[in-house]
Ligand SMILES: Nc1ncnc2c1ncn2[C@@H]1O[C@H](COP(=O)(O)OP(=O)(O)O)[C@@H](O)[C@H]1O
Ligand SMILES: CC(=O)N[C@@H](CCC(=O)OP(=O)(O)O)C(=O)O
């Protein structure tokens with residue numbers, strides 16, 4: 001290694017120090033979106049980042065999605081995916097696929113990658129330890145002059161009723177990393193499909209997290225010209241939603257980010273999970289990019 005390279009490496013490591021000191025002992029909730037799980041190398045670098053955070057005393061809690069992966073299996077069994085305002089319409093058969101993909105394939109792959117990287121991950125769904133109590137989501141259509149607001153039936157789509165974080169805290173105390181699939185359980189034992197962004201936002205609020213990071217497949221929230229919006233508050237979001245700039249999967253993402261900061265999370269960031277080591281860059285360097293959401 002040349003002297004210049006060595007200096008550069010040392011510079012990067014020392015740059016991380018104030019960030020490590022700032023976040024040591026704090027919880028960071030990381031939403032790992034299905035769209036950010038693009039290739040194997042990226043998944044492995046994500047896992048290494050998480051292990052590194054844990055190693056330096058930060059407490060990462062992972063909430064993952066898997067929308068595209070659910071869509072792929074549904075397609076294989078000849079079922080079409082249908083979304084309304086970023087939420088998957090979920091009948092009984094779809095719910096079985098959701099549980100297989102989120103609670104099984106995706107969850108265990110993340111757990112396995114973290115463990116391969118030297119960490120101690122434990123996979124959970126919201127059913128484990130009654131972590132996520134859910135109820136049926138009540139979505140209403142927007143009222144227009146000619147149509148009053150109507151209830152939209154999304155089937156087995158849930159909203160978070162209550163989070164019992166005991167199991168997550170217990171795992172953290174024992175130096176494990178919790179990897180959570182967004183499946184909730186109703187009072188009657190019924191399973192609900194919950195948008196992963198919503199679970200991540202609620203989890204961050206309940207755990208008093210310092211940061212919420214939402215990893216997705218865009219550089220952040222973009223304006224109508226496709227330019228990155230680096231900072232947004234509640235008023236900006238409501239304007240961008242009303243004029244249609246924010247739509248589809250970005251709707252629950254931005255809403256949960258706002259809810260989390262309103263509940264006391266220091267800040268929420270929507271970042272590009274397709275960039276290798278996006279988590280480390282965002283948390284431990286001056287290089288963090290993406291959209292920062294504040295109160
Ligand atoms: N203003 C916007 N800026 C960026 N992405 C947007 C915007 N409005 C809608 N989107 C869509 O939201 C998507 C991200 O949400 P989603 O597909 O649910 O991702 P994830 O699987 O990471 O949760 C983007 O890929 C994009 O298609
Ligand atoms: C109700 C609802 O839409 N649930 C989502 C759960 C997975 C998810 O949120 O995955 P991403 O984060 O990858 O989009 C779904 O079925 O796709």
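Backbone N, Cα and C define each Cβ position, glycine as well.
The domain 'Aspartate/glutamate/uridylate kinase' feature in TrEMBL is assigned to 26-272.
In the three-state DSSP scheme, residue 31 (site 'Transition state stabilizer') is classed as strand. For residue 31 (site 'Transition state stabilizer'), the same-chain residues that are 6 or more apart in sequence and have a Cβ closer than 8 Å to its Cβ are 63, 64, 65, 196, 197, 200, 212, 213, 214, 215. Annotation source TrEMBL lists site 'Transition state stabilizer' at 31 (among others).
Shown in sequence order, 33, 34, 35, 88, 196, 249 are the residues of the chain, 6+ apart in sequence, with a C-beta less than 8 angstroms from the C-beta of residue 67 (substrate binding site). Here TrEMBL flags 66, 67, 88, 193 as substrate binding site.
Applying an 8 A CB threshold to same-chain residues 6+ apart, the list for residue 253 (site 'Transition state stabilizer') reads 86, 197, 214, 216, 270. Summarising the annotation, TrEMBL assigns site 'Transition state stabilizer' to 253 (among others).
By the rule that a residue counts when its Cβ sits under 6 Å from some atom of ligand 1, the recorded positions 31, 66, 67, 88 yield 67. Other Cβ atoms within 10 Å of the Cβ of residue 66 (substrate binding site), summed over all protein chains shown, number 27. Secondary structure from DSSP puts residue 66 (substrate binding site) in coil. Each of 34, 65, 70, 71, 90, 98, 101, 102, 182, 195, 196 belongs to the same chain as 66, 67, 88, 193, is absent from that list, and has a C-beta within 8 angstroms of the C-beta centroid marking the substrate site.
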